[in-house]
Structures are given as C-alpha cells and as structure tokens.
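**Q** Encoded as structure tokens, here's the structure I'll be asking about.
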Amino acid sequence: MVTPVCNSSTWQPKDSSFLSWPEMFSLDSFRKDRTQHRQRQCKLPPPRLPPMCVNPAPGGTITRASRDLLKEFPQPKNLLNSVIGRALGISHAKDKLVYVHTNGPKKKKVTLHIKWPKSVEVEGYGSKKIDAERQAAAAACQLFKGWGLLGPRNELFDAAKYRVLADRFGSPADSWWRPEPTMPPTSWRQLNPENIRPGGPAGLSRSLGREEEEDEEEELEEGTIDVTEFLSMTQQDSHNPLRDSRGGSFEMTDDDSAIRALTQFPLPKNLLAKVIQIATSSSTAKNLMQFHTVGTKTKLATLTLLWPCPMTFVAKGRRKAEAENKAAALACKKLKSLGLVDRNNEPLTHAMYNLASLRELGETQRRPCTIQVPEPILRKIEAFLSHYPVDSSWISPELRLQSDDILPLGKDSGPLSDPITGKPYMPLSEAEEVRLSQSLLELWRRRGPIWQEAPQLPVDPHRDTILSAIEQHPVVVISGDTGCGKTTRIPQLLLERYVTEGRGARCNVIITQPRRISAVSVAQRVSHELGPSLRRNVGFQVRLESKPPARGGALLFCTVGILLRKLQSNPSLEGVSHVIVDEVHERDVNTDFLLILLKGLQRLNPALRLVLMSATGDNERFSRYFGGCPVIKVPGFMYPVKEHYLEDILAKLGKHQYPHRHRHHESEDECALDLDLVTDLVLHIDARGEPGGILCFLPGWQEIKGVQQRLQEALGMHESKYLILPVHSNIPMMDQKAIFQQPPLGVRKIVLATNIAETSITVNDIVHVVDSGLHKEERYDLKTKVSCLETVWVSRANVIQRRGRAGRCQSGFAYHLFPRSRLEKMVPFQVPEILRTPLENLVLQAKIHMPEKTAVEFLSKAVDSPNIKAVDEAVILLQEIGVLDQREYLTTLGQRLAHISTDPRLAKAIVLAAIFRCLHPLLVVVSCLTRDPFSSSLQNRAEVDKVKALLSHDSGSDHLAFVRAVAGWEEVLRWQDRTSRENYLEENLLYAPSLRFIHGLIKQFSENIYEAFLVGKPSDCTLPSAQCNEYSEEEELVKGVLMAGLYPNLIQVRQGKVTRQGKFKPNSVTYRTKSGNILLHKSTINREATRLRSRWLTYFMAVKSNGSVFVRDSSQVHPLAVLLLTDGDVHIRDDGRRATISLSDSDLLRLEGDSRTVRLLREFRRALGRMVERSLRSELAALPLSVQQEHGQLLALLAELLRGPCGSFDMRKTADD
C-alpha cells in the first residue's frame, strides 16, 4: 500500500494492516466560502453620475408595474447585456451596467447605473436582490426600446445600426471599446482583454446576462483560471506594490499640492473605498479609512489610512467636505505612487492586490506529491524484479509498435465471409445455381407479379427504365420523391427480373438504411409483400439483432455500419450482385465513408451494381462523384397536406404574440424549444383536429421525455385513451416497433420522435405532424478539440420530409413551430456530418480497409473532403493512444481495437481490461457510456444524480455507479420476481429498455473480444471465475485501467482560482487538463463531493456548452495508477537521496519519494509495459503458463499497491475570500 502526501509532512502507517487513511481532501470550505461570499453585500456609496439622469416621472425614477414590465421583458438582464455587447463589440458589459444594492426594512432596492449610450439610472424593488435587479433591468429595457435600441418585438439590430444610433446620443460606439493603455502591474484586463475591462468595482456587481438565483455556481463563469496559470501570465511583472508600501505622516502646508491631487482624483473617497474593499474583500472601508476634522473657519482634516500600512494625510479647506476630499486625494496620489491604482486611476483587481498569497499558493501547487510505499511492498517488488528482470535495453513501447513485427490477427487472415449469411463464403456450383434458380422461379410463379398483389406505386411505371439503367451502368442514382415507393419496391423489382429470367440464385442484394428501425421495418414490409413462399428470402441485420435471409435470391436490409463490418471480412463483396444505398442524401459520416469504399470496389468487382437512392438532395453531385452516372427521377405521390406555421398556430391557440423564445430566435438564431407550446398544440389537435395519429418531431431525448411528462400530467385520468410512444435510438428495437401497431378503437396514437422517423419508415395512421424545426447535430471545435451536440435548425429538405409523413396514406396536416420567414432562412440541405464531427473512428476504419493510404489521402476521396487539419488531429490522437504508429500503420493494439465496435479510447480500455483481468466491469462501463441506463429527464435530473451518488458509494466514480446499477439489475433478474424488478427500477431510476440494450451491447462486445483473441470463448467475459475477471472486484485497478484507456483525458484538481473579475479565491478549486481548465457538470458525482480521495480524475467525454467546456462523467483515480498505467515516457530527477518522477507529456502528475522507491516504481512500470506488449503480440489465452503466472504475480502486486490510500490534498484554510 502507498501513501502519497501533497505537503511537506508524510504519513506513516501505524501497523502492518495499513487501515488508517490520511485526512481526505475536503471541499467543505469551498462550499462555505462560496455561500458566505454571496451573503455579503457591497455597500459602496453610489457613484456620482452626470446630471443627465432620466426623470420620466416625479421622483426621479422610472416606475411601472413590475409584472407588466417583466412580462414584456422576461429576461431583461440578458437583453440589456446583448444590446450593449453587440453595439460595443464586447462580450461583457459589466462596466456599462452597474447594480448598486440598498437594503430596506422589507424590500431590497437596486439602482441600476447605465453608462451607454448615455448616463442614466433606474430603480427596482423586490424581496430578493435578483428580483430587484430584474425589475430595474426591465425598466431599462423599456427605456432602450423608447430610444429605438430595440425593435417592435424586442429584437436586436446589427452592430452597424447601433453605431448609427449611438451617434445620436453623442457617444459613438467605437469610442467605448477602443483598448485603453494601462500601467504595470499587469491587470486582469490585460490577461483577458476580451472579457474584462478596468473601471468597475471588480467582483462587486453580479455578472450580467444571467437570470439565475443568488446561489448560481460561480464556477460557471467564463474566463476563470487557476492560480498557476495566472502567475505564469504575470511572471514578467516582479513588482509587488504591497511589499514596497511604507508608512509615514504627510503634513501638507502647500495647499496647491492638495488641489492638484483633487483635480487628478475628483472622487477620492469613492476611489479609496473601492480600492480597500477590493483589496481586503470587505463590504466596507470604514475601519481602515478614518477622518478626523477640527477647526472653525478653516477646517483641518486628518485621514488615517490603515491599509496597506498605517499612513496619515492632512489637508485644509473652508468646509469639512473640502478638507476631507483633499486629504483623500493625497492618499490616492500616494497609492498610485505605490502602484496600487492603475494609470486610469481605477483600482487594480483583487488578485493583483494579493500577489504574495497567490505566489505562495502557486509555490505549494508546484511541489510534487510525496509518496511512501511501505517496506513490505517494496521488498515484494524487488523480489519480483529480481526474478523477472526487465531488460535494461527495453524501452516502454507506448503501445506503438512498428507494424512490420505485428502478427496478423482476426478474420482478415482467414476465409472470406458471406456478406448475406455471415457464414464462410463458398461460391455456388453451376448445378446448385441452376437448381436454386429453378426453385425460386416456381415459387415466384405461384405468387404472381408484384403489381397484381401489391398496391400500385409511382415507381412501378418506371420499372423497365430503372432496371435497364441498373443493368447497363455500374452506378445509378435514383431520385424519388417522398411516397414513390423506391425503398420497398426497387429491391423486389430486381429480384423479380433475375428470378423470372432463370438466374434468381445470382441475385443477392444488400440494401443499407441509415437507422436500425428503418432496416427492420422495411425488411418486414418487403417480406410481407413477397408473401409466405418467398418470405425466407428477405432478412435484416442491425446491431444486436439479426435475421439473415437464405442464400441465393436474397434481399438483406442492414445499417451502413453493418455493411462496413462485412467489407472488413469480404473486401470485394464477392457473392453480392447489388448494393443499394438508401437515403444517401442524409450524408451521415458512415454513408460518405461507404461511398469511398464502394467507388474503389468497382475495380475489384466490376460485376457489382451500385444503386444510390435519395428523396431529396443534390443528386447531380452524386452523379459527378461516380463519373457522370445516370440519374433517374421518379415523381412521388402524397395526399394533400395543409401546412400551418407559428403565426397560424398561435392564432389557433389564442396566443396573440410570439413566445419570448421564438422572438429570440428571430434575432439571435438560437434554438430553444418551448415544450409547453408543443404540449398545448398536441392537446389542441386532439381536441379539435381530425382523427388519426400525431407524429411530433423533437430534437432529442430530453425534449421527448419533457413533452411526454407534460402530456401525461395534462391528460390525467384520461391517459388510457392515448397511446404515447417515444421513438429514439436509446430505445430497443422491440419497443420502437410499437409505433407501427394500430391502436384500439377510440385511442389516439401520439408518437414523439427525433429525426429517426423522418425517412424510410411509414406509420400508416399518422394524420398530423408537429414539426419543431429543430434537431441535434454534433459539431467539433478544432481549437478546443471538444465536441458539442447542438440543437440547430433543420434544413428545408428536412422540413419537406417531415411534412411528407402526414400525407403518406391519407390527407394530413403539418404544424411548423417556426414562422414562414424562418423557412426562407433555412439552408437547403444539411451540412455533411463528415465536415463537422471528430474523425478518429473514421480514420481508424480507413486504416482497417486501406492501410497503405494515409488518412488524408483516403478521406480526400470523399464526396466532401473534411478539413485536413481535422484529419491530422484525428491521426495525432490515435497515435497518442497507441493505435497508429508514426507511419500511420495499425499497431498491435490498433489491430485488436479494429475488432471492437466502439470509440477507439473505449475499445482500448476494453483491450487493457482483458490484459489486466478486470474485464466485466469495463464492459459494463463502456456499454453504459454508449447508452445511459438511467431514466433521466429535465424534471428528475437532481434525483438521478442523488441515486448515482448512492450507487457509487465511496468510490468517487460515476463509472462504478454504472457497474453497481447493472450488477443490481442482473441480480434482480435472477430472482424472477416481477415486483422486485419493478421496485429496483423505480428506486434507482433505471430505464428497463436501456438496460436490455446494455445487456445486448455487453454480449456484442464479448463476441468482439473473442474475435480479437483476447479470451478463449465469449462467455468468459461475464464469468466471475474466468481469468479475465480475476481482479474485477479491485475498484482502484478498474478505475486505473479505464483511465489508461481514456488517457490523456486526465484532470488534476487544483486549489485556488482567479475569476474573470480578477477576484482571487484561495479556497475554491479548478479542474485542469492537458489542454486547459474545464468544469465539472452537475451530473458527475465529483462536482458536489465534499471529500476527494484523490486529486486526479479521469473522464470519457468533454462537451462544450455556452462557451464553457464541461465533463459529465468522472472517476477519481489513484496517483500511482496514473504513473504506472499511462502511455508515454516518464522523467526522473534524482539527487541520490530524493527523486521526483513525472509524466514526460504532461505537467499534471509529479511524485516525489526516496530514490529507491522511485527507481523501483519506474522498473515496475516497465514490467507492466512488457506484460501489455507480450499480451498484444499473441493470443491472450494461449500464452505459456509460465508467462501467465508471471503476469498473475505482477497484477497481484499492482492491486496491492492501489489498495493503499490515494493521498490527502492538504487545503490551507484561509480567510474568507
């Protein structure tokens, strides 16, 4: 066991049991500090404003019923901030909007000082500060609207128009944001010029543009940095004004000097108060700034200033105020000479006044964490290394071995796989082909022609044209309008042509669909139309579910991902006659990747025919991509659909103006869906609309659950008369199929779906379509290297597709929750996914299919080539995690990962878990990161977070909470007690369909691991007694292996931060990654943890939201796990007695110990690397018994090391900041 200690003292074990733990890293003081800071109120005297105050009513304030104002301006602070920010080209308007608070006996008063476009003040009242602020801000919004700074619907103008409007007030906008020179010491404005400007009482007024309550988390502020980063930005300024200050008495006999000082500092008392309050974090300066005035005709004022050190200033005047102002001005002059006031005569930031404390804390942060390994464990490590020495010439391979030495693994070296059946491929003999073709012809004759038994579709008259084009050309594009029948009919037409010509056995068609539900439902529809005799010739294959057709005369419907997997084991698609790529216009990343492979496949298999089918889109572009192939256009048929837009809908609902969110859309293009409006519309349709199903398109799962809950609450006891069906990729296929079922008589079907229901599937009884106009799109930020799943407007092509869902089988109605003007602004087609998402998976797939080409070369052949920089970033990441070598060839690790169908980092974690013998919990974690097991919604997030915290116990891990949740579910399933199962799900807020899906994923990953030669048989993966699960109960090892897979996704918790206002908060924490600071999302249990066992966290994914980067899942990891299990080299500094060891590629981990301990840990790390290398180079289960025993001893030592305490994070309890 080991004890890392992060201060000068070290922890000594009391006895051999090592059961005592050091003091945990406590966050209690941080929470208390934050609360106390918000409870204080700044009582500075209000700044003296020019006499340009607006007095529209007697009394000098703008008065109007707050209820009416807030109804017109529901988010007034955001609106004010947006107007000024846009007009001045700044991101924050704090120095243009100053809120001054006054406590009344019953209500709080706020005076809002507005400094742009001219100086004016308004007042607001409320029981809370935030209410008073909002009322004042709403009054200011009314004033802005009267000045013409807001449109009739409170919409914003562009920046150019604001500059013109500002000129009318005599305050050109440009003059307000031109950078101003400042003097050393470096101010926060210099450190973050885009966010902060000097001139305001830093930290005294709340951030504008936020409507939250007083307890809003301060960590959410943009621009917050940790102490180390702040000091590195100010290191060029060695001047510490507080150290240079000296006390003294200044008897002023020369009144001219005082007059000149007063001219330089016209409001000296205010300035002194602000400086002292900011520097000392106090709400008043009275105790540190005291006046004593004597005299009758001539007043003599003595100012005693106790900060930064005792100083006295004396001045005279005819009146008391004059004398005191002169003394204060002299004090201001002295402070400026000490560097305590900037060149604009404004206070410095709180951080700059506390540089000494910052530097002291920074020095503490830079000290390495001291580790002590108990002597018994050190002796065991020495004995192991003596018995199994690591060759001195052996260097950590970083899992990046040159591919020249790699043993071929997997199916690529074996027989081809039949793409239709999945069995080993063997061509049919001539006799078998004749016999099978004759049998198919007899079955077909009994059935009769398609058009005699199935309803006539618009595509049927074009039958000969389509079939002739496919016969004569290797590639054909079919552009068919919605409802033409291309998806179900063209595969049957191909099969009919081949069968009736006596060559049916040669017809083997693979039809790809973009989604699982489409592949299954279309296969079932075609199977039904072909009839009982030919039903076995139609099949489907999707993730976790497969029903392949019989060989010869086969139609296989599958997802694009399934076909990509088939191409790995049969690169030329031998045995396939046609590939039909349906819905190619959607331009998902897998389809674009598939087109690259299919284009190259034409040389390998010239007989293969490729058909691209699209409902909408730039079909000529596909034609040019395939060398000018023919495009056949097929008109569709739709019943009439009556369309309603937002303005029509609001009129029907009796609402006479846009909801605020929709007004905001018009000005800011932001996409926030009003779930209440959606619910009201569905209820209105139900009450007054035609009978029939309602299909509602929503952006994502949270919106689906939100609308579902609102409908259930509104329907109450009448819910039995409605069938409310959510449709989302999170829901297993067996549950999604319910949307195709006809509801009982008198029951209305309401389908709540994402764009999963937009194409390929037809729900016959849908009459009404509610279109939110929104969907989720993944976008990748090259600068932050973070993905963001954003809600964005759909394209016009999407709107057409959604509208078409209402007119497939009867006349219908489409309700668009956006104005007609928005439709005109929508882009014609979606941006291809390949241009806006991370490319690691795609690059890995490229290296599997065409290893001889570089990633850039391969992806440059796409219909739309991605940004070269994005491709290079993906290659670098894969090299960092050891999947590719420097020549872009797959490493041994990369070859193993190629078998596992998930994100490369998660796949790496699975591979390492098999080697480190803790496989099952990692399979659960990876499955749960793919599909969330909890039944979370907008309404119950807090409850879900509490359940996760309980499930995690004291592990400090969201990921182990997943493991315990699934383990509990598996245990309940064994009881076969329905009541127990339901109680378990309800108590732990788990979603049964997701748990079933997770179970399927674990089964699939088990097959993948078997294919990668990591286990002897798939069932071993979940068997507790199997060798691959020997250490599955060792939680620190499990978390460490997960971290090794996810590395460099590592966080170091650091003490102290500097806010964007320049406020130094020594008792707060920041979360530092290799690429910068991030925030912990409320959904991770470590966000609200009061004690952390370790300063180091690992995470899978960071997401960007509102300009900040958040981590949603995290696990505390042992510092020795970080040292021993990560890739890359380590760096050691050894003076012969003490040594430090750190990661060469990161400054997030530095450990210190005696030279012997550090040397042994380095050798132990190399032994672990050797174990991984050996395991990757051969079948894991086939390793010699002696090697397996060696690995077993090594892992036993590692588990013992990690059972020890993770170390304490000794926090200095400073005064409240």
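The backbone N, Cα and C atoms fix where each Cβ goes, and this holds for glycine too.
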**Q** Swiss-Prot annotation phosphoserine: which of SER249, SER667, SER936 has it?
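**A** Out of SER249, SER667, SER936, Swiss-Prot attaches the phosphoserine annotation to SER249.
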**Q** If Swiss-Prot is the reference, give me the range from 206-209, 582-585, 1082-1085, 1090-1093 marked as motif 'DEAH box'.
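**A** Based on what Swiss-Prot states, motif 'DEAH box' spans 582-585.
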**Q** Determine which residues of the same chain, besides GLY480, ASP481, THR482, GLY483, CYS484, GLY485, LYS486, THR487, have their CB within 8 A of the center of the CB atoms at the recorded ATP site, and list them by sequence.
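**A** Surrounding the site, in chain order, are LEU457, PRO458, VAL459, ALA615, VAL634, GLY636.
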**Q** As a quick check of your reading of DSSP, tell me how many residues in the domain 'DRBM' (76-144) are helical, how many are strand and how many are coil.
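**A** Computed counts for the domain 'DRBM' (76-144) are 32 helix, 21 strand, 16 coil.
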**Q** Return the residues near CYS484 (ATP binding site), defined as same-chain residues 6+ apart in sequence whose C-beta is under 8 angstroms from its C-beta, sorted by sequence, else 'none'.
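**A** When sequence neighbours closer than 6 are ignored, CYS484 (ATP binding site) has LEU457, PRO458, VAL459, VAL634, PRO635, GLY636, PHE637 within Cβ distance under 8 Å.
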**Q** Have a look at the binding-site residues (THR482, THR487) and report the one with the fewest Cβ neighbours inside 10 Å.
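**A** Each of the binding-site residues THR482, THR487 was scored by Cβ atoms within 10 Å; lowest is THR482.
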**Q** Using a 10 Å cut-off, grab the number of neighbouring Cβ atoms around the Cβ of ASP481 (ATP binding site), all chains included.
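**A** Here the count is 18.
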**Q** On the 0 to 100 scale, where does the mean pLDDT of the domain 'Helicase ATP-binding' (467-635) fall?
**A** 91
**Q** List the residues of the same chain that sit at least 6 positions away from GLY480 (ATP binding site) in sequence and have their Cβ under 8 Å from its Cβ, in sequence order, or write 'none'.
**A** PRO458, VAL459, LYS486, MET613, SER614, ALA615, LYS633, VAL634, GLY636
**Q** Around LYS486 (ATP binding site), how many other C-beta atoms are within 10 angstroms of its C-beta?
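**A** A 10 Å sphere around the Cβ of LYS486 (ATP binding site) contains 28 other Cβ atoms.
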